[in-house]
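Novice: Take a look at this one; I'll ask things after.
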């Protein structure tokens, strides 16, 4: 069946002028305005009701969060606009398999809450590189990991989210891509710079609700339009564009016909676009890196009131992660059915006409569905949903990136920095991050056949596995030491960067114009590459650790799984260095007790807005400090809640197995 008969509006979005008029109505605009007012109100409320004047308050929300905002924030930080654009786009191009990536996380959030976070809390750390410094000693691993994490944020998270959010705004409002980016970032940076982690978590919770309500409504509209689930399965396989040749060039059938295995998540190990061994093992390695060792995710868990709230948040997030298959991937596939000529275009000149890039237009599958299918008012709601997902991800990343920079890099360079100076440095760093990310957007636009999600996963496959190997061994094998971990990371990085640079130099190509990259380098699927890279890093770490001196247990109490319950006092490997750093801070605290000059009204307003006001709280006694430290590193739970949460964890893993089996 010729799918162009599906909707009289099939080509309505080709000219920005028409789309600009689509969203120029009172209902849409008022919903968007209400959305921004509510978000700013929640951000301001969090800003003035929480303590942001200390590093712990700004970066860890004062360890006071309960389970439901943590679960919502974990989900919202993970689901950016890159997911709406990327998952729906890859779904439109190749079927449901990409949704299985999301289900992989159901098992890993349980691993995070039950195995990894207890160790991080007992270690008493704020950042992941800080944990590695306590575990291995020395500074080189900490600085290396901080820099690599910041690079990963720029290459995968920030630039991909900015790009996908801008695609959506460009399609809905007709705004220039870069103007759209500028507006988004201005608002996002404003409440991250001023509000700290509490503002981020509360706005994330609000945005999760908006995101789920909006996308469920759109999913209902989409399935109604296409005639239900059975009709959707049948029509997707027939969604083939009519223009498949350009002059004398006729494109191969595989470039524009839906895959025969579109409705299976486990695909052929050799010819599949997402081969099943890579899907199970390679994806699990990437998911382990992201969910169990990434600053953005772990920071939310560390802000929890106690261990039960951590586990509750992880379980809530796990159930929410069931949704993207149905609210993002399948609507993307329906978009291909309804607007086949545009979404499934294969001729470069046609694609450029529809979406401004020659490699394919699947990235606009979800935005097109919103702009074309939703009635007035609801269209504004969906634009708010996209903005919500974009801004919640960006605020999370900005807050975590500034934490990494401030605590792991800046504090090393400026050992005598006061608390106030650290706060200002963290906020200024966010502005630098934004500039670099915008510069990377054009590269994201053309990578991986124009499929955003494949681009994100491939970069992660080249840089993430060595980090996963180090954390896994650091926590579960006490024999691993600093030289082993460091050289494992360095070798893994060199191999990963070689593949990444080669792929960018040759271009990833597309079905119509394959890349000239040598098969020995680019021919290995990125998920298989992740397995190989993980294995090389793992073996390197183990071998070098066995050939070098072990770390005495006295330095490892409560830093690895086998010693997690030890009561002895730990002598930190970095204790001497910490004493040097802490010395000047005491003198600074003494200095601040000197009577200050009264500040002017503008200066007081500025300090209040940025959370830099100094509260004259009395200094804690040594006993109080000890009690506070005990509370901050306590992982005990009430027996009833531990049982309830364990049962829920088992149910969640069972649901994950069922979903994989049902759609296999």
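Don't overthink the numbers, they just go from 1 along the chain as shown.
Glycine is treated like the rest: Cβ placed from N, Cα and C.
The feature topological domain 'Extracellular' is assigned by Swiss-Prot to 1-24, 91-95, 222-275, 332-375, 445-451, 505-525 (among others). Per Swiss-Prot, transmembrane segment is recorded for 25-47, 67-90, 96-117, 140-169, 177-193, 276-295, 376-406, 423-444, 452-477, 482-504, 526-547, 645-662 (among others). Marked as site 'Implicated in sodium coupling' by Swiss-Prot on the basis of similarity to another entry: 43, 300. What Swiss-Prot records for 48-66, 118-139, 194-202, 296-309, 407-422, 478-481 (among others) is topological domain 'Cytoplasmic', and it gives experimental evidence as the kind of evidence. As annotated by Swiss-Prot, N-linked glycosylation site applies to 248. As annotated by Swiss-Prot, disulfide bond applies to 255-511, 255-610, 345-351, 355-361, 517-522. Per Swiss-Prot, the feature D-glucose binding site maps to 457; the stated evidence is similarity to another entry. The annotation site 'Involved in sugar-binding/transport and inhibitor binding' is assigned in Swiss-Prot to 460. Annotation source Swiss-Prot lists phosphothreonine at 587, citing similarity to another entry.
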Novice: Counting Cβ pairs under 8 Å to the transmembrane segment (376-406), which of 25-47, 67-90, 96-117, 276-295, 482-504 comes out on top?
Specialist: 67-90
Novice: If you count CB neighbours within 10 Å, which one among the disulfide-bonded residues 351, 517 has the smallest count?
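Specialist: Counting other Cβ atoms within 10 Å of each of the disulfide-bonded residues 351, 517, the minimum falls on 517.
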Novice: Counting other Cβ atoms within 10 Å, pick out the least crowded of the recorded positions 300, 511, 522.
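Specialist: Sparsest of the recorded positions 300, 511, 522 by Cβ contacts within 10 Å: 511.
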Novice: Can you check which residue among the disulfide-bonded residues 255, 345 has the largest number of Cβ atoms within 10 Å of its own?
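Specialist: Selected residue: 345.
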Novice: Would you mind reading off the Cα separation of residue 460 (site 'Involved in sugar-binding/transport and inhibitor binding') from residue 300 (site 'Implicated in sodium coupling'), to the nearest angstrom?
Specialist: 21
Novice: Given a separation of at least six residues and a C-beta threshold under 8 Å, show me what packs close to residue 457 (D-glucose binding site) in the same chain.
Specialist: 101, 286, 526, 527
Novice: When each of 96-117, 140-169, 276-295, 526-547 is checked against the transmembrane segment (423-444) for Cβ pairs under 8 Å, which one has the most?
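Specialist: Answer is 140-169, with the largest number of Cβ pairs below 8 Å.
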Novice: Checking your reading of the structure: which of the recorded positions 43, 511, 522 lie inside a 10 Å Cα sphere centred on residue 361 (disulfide bond)?
Specialist: none
Novice: Are there any residues at least 6 positions away along the chain from residue 248 (N-linked glycosylation site) with a Cβ closer than 8 Å to its Cβ? List them or say none.
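Specialist: For residue 248 (N-linked glycosylation site), no residue qualifies.
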Novice: Given pairs 6 or more apart, does the transmembrane segment (96-117) have at least three Cβ pairs under 8 Å with the transmembrane segment (526-547)?
Specialist: no
Novice: Could you name the stretch, out of 67-90, 140-169, 482-504, 526-547, with the greatest number of CB pairs under 8 A to the transmembrane segment (276-295)?
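Specialist: Between the stretches 67-90, 140-169, 482-504, 526-547, 526-547 has the largest tally.
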Novice: Counting CB pairs under 8 Å, which listed stretch among 67-90, 140-169, 452-477, 482-504 touches the transmembrane segment (526-547) the most?
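Specialist: Against the transmembrane segment (526-547), the leading stretch is 452-477.
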